[in-house]
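Heads up, the thing below is written out as structure tokens.
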Amino acid sequence: MAEDDNGPSNIRVICRFRPINDKEKELFADKQVCEFPPDKRTVIINSQIDSGGPSNFNFDYVFTPAARQVDVYNIAAKPTVEAVMQGFNGTVFAYGQTSSGKTFTMTGSNMSDPEYMGIIPRMVSTVFEKIESSEAKIEFQVKVGYCEIYLEKIKDLLDTSKSNLKVHEDRTRGVYIADLTEEYASSGEEVYQLMKIGTDNREVAYTHMNAGSSRSHSIFILTITQTNSIDYSSKTGKLYLVDLAGSEKVGKTGAAGKRLEEAKNINKSLTMLGNVITALTDGKSSHVPYRDSKLTRVLQDSLGGNSKTSLIVTCSPSPFNEAETISTLRFGVRAKSIKNKPKVNREYTVNELKLMLAQAKEEILKKDRIIATMKKTMQNSGVTMIDEKQIKTDEDEYDEEIQPQVIDVKSNEVYSELIIEIEDLQNKLAEVTRVMQKHKNHEDQLILENEQLHNNHEFIYKQITELQFRKAQSEDLLREKEEVVEKLTVENELLQSELNQEIDKKLNIESQLNEKTAELESVSKKQIQRLSEEKKIIEEKLANEIENNKQLTYDIEKMEQDIKKNLNDEKKLKIIEDSHNQEKERWLNEKRALINELNARVKKYVDIQMAIDKAEEKYKALENMMPDDKRELKKRSDTLERNLEQLNLMYHQLVSQKSMLKVDKQVCDRKIVRLNNKNLEHEKVIKDQTEKIVKLEQENESLREVIKKLEQKSRMTLGPATGNTKIKKVIRGGGDNSIIFKTPTSRRTLSAISETHKEQEEIEEDIINN
Ligand SMILES: Nc1ncnc2c1ncn2[C@@H]1O[C@H](COP(=O)(O)OP(=O)(O)OP(=O)(O)O)[C@@H](O)[C@H]1O
């Protein structure tokens, strides 16, 4: 058997029992219904319900509740991931009642703890370890997809906006989920990140049986493509890691409302899964109802198709769940007899295809010779051979009369073998034809991409022209701005010097003014001070005189009173009167003199006051006269300052605009240089591609010739046996007869396509960045 095809293989079924949980302990203490014989392949159930005695269930491996996560991984899943790394499809899925340990087994209770991490993180590690230890010439691509089936809808867990994905099928990809988000990952860490995103988006709920019960079937998909960078052969392995939602008895889980709806749906899809398994294993069913549920449709290749599949059935050891455990074990036993047909998903190299063609040609020649010999032998022994022309290729026109002769020929054992071999050859030819067609499609794609490249080239060229135009515009603008800046700079300098002169003048005047003010102030201050002192003295004297006067008036009044009192003594009085009059006269004279003096002094005071007022007025006039000059000067200098400020502002703005324009210009220049370089590269790629296409077309022409000849030969060889419908069916099944071959695409072309892709992506990225 070829390395690529290990022939049909059974699904591996592994059974795992989890430890008894608290609830079960409460109800049944440590009692267990299961027993584990030392062969590690059998579990014996000592039924508590059924008195029919113990029942044995056999699996590929049985794990006891004490099993460690790492052991479960090594036995149940590692062989599958290893097969995926060889280009096979692989599936590991967990089935069991709710709370039996499916998620614990698939994901683990702690993804970062090596003791508790489950199968998925371990598989991811193995994938990247294998990548690391593989040869340098092998290039890998790892893609991650994650979805769940919830209430019969496929929801993308990496992009929750996609909530109802469809399942498609084609000859090359098999069954697949269309439009599922697939993210590239280059390390285990990146895959864990994606797993975390997806897990956070899952439908999980609390039930009486499990605090974090999965309400959906989750499917984690890893696609690993490896390409040999020397001969360009490639292999793609797809790994499906499925954590099914648990079957549950509604009464036990306490489901109601939304939970009840979910439970019904889960149970229904698990029943459909059971039906598919029954149809695959009972040997009676001609139809497998994959399309009855989304789950079975998605798992179509994993169950009876192109996949190496491991099923892990998870169970509870407690009598509390005995019925569910037995049902799970029965499911596992049935699944064990499913036969899958895994094969390596590989792409042939041109050399391999050429080799296959050469082998086919050789085989056909060999058969031709055998047929010729046989014909001769038969003719010699009297058997009438059918003339090739007599045989009609149309099945409906099958000639009943020649049937006995054909039967005669058929009865010949060697001839039958020959037919089988020719059939085989036909299959190979169909395969080669199919691959050729695929290559032709690649070539068409290449041409299309080339056109796209041309379009991109034109687009870039347009962009360059536009940028050059913009650059010229910016340069003009820059020039204009520079001229304006220069003009303004000159004006500014002129104004600056004018302003400096004005400032000097202003300073001069200000200092003169200050001097004069100081002078005037000192003179006026001295005068005022002196006058004030004199005024003070006069005021004091005046106050004294007034006081004296008051005293005198008082005395006179007193004397008059005394005189009046002494009127009786006229003489005395007369004398007194005379003396009094004299005295009075003297006093009056004195008083008059004093009053005159006082008046003179008051006059002098008034004169002084007037002089002061005059001086003050003069000073004020001087002061008024001075601020006018000052104000005018200030006004002028303020205007000049404002002008200067504005000019400065304008100057700075222009300078910054100029530097910005300079930066713009530099950026434009750089862009143009970069785009010109890209453009040159681009033109070179287009030229290379065109040359490659021409070369490929030549290659294709010669291969087409070979195929034509081969087909002619094959038709000629098969001529006598075309009455056999089996051969026709094979040709029809291939469906490639009507296909017109154009040019086969070599591996090198495929790599050129991917290179072109890369370049195109780089150019696009550049355009976006620019
Ligand atoms: N082998 C085990 N060892 C220790 N604990 C386990 C084991 N298996 C399961 N458990 C624990 O049992 C509980 C239920 O397990 P888990 O969630 O994996 O069940 P499930 O089958 O995925 O349930 P559901 O179908 O409801 O999602 C969890 O707390 C888990 O940690």
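Each Cβ is built from the backbone N, Cα and C atoms, and glycine gets one as well.
As recorded in TrEMBL, the features of this protein are as follows:
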DOMAIN    10-338  domain 'Kinesin motor'
BINDING   G96, Q97, T98, S99, S100, G101, K102, T103  ATP binding site
COILED    415-716  coiled coil
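Under the DSSP three-state reduction, G96 (ATP binding site) is assigned to strand.
The binding-site residues examined here are G96, G101; by Cβ neighbour count within 10 Å, the least packed of them is G101. Taking the coiled coil (415-716) as a whole, pLDDT averages 75 in the prediction. Summarising the environment of T103 (ATP binding site), the number of other Cβ atoms within 10 Å of its Cβ, over all protein chains shown, is 25.
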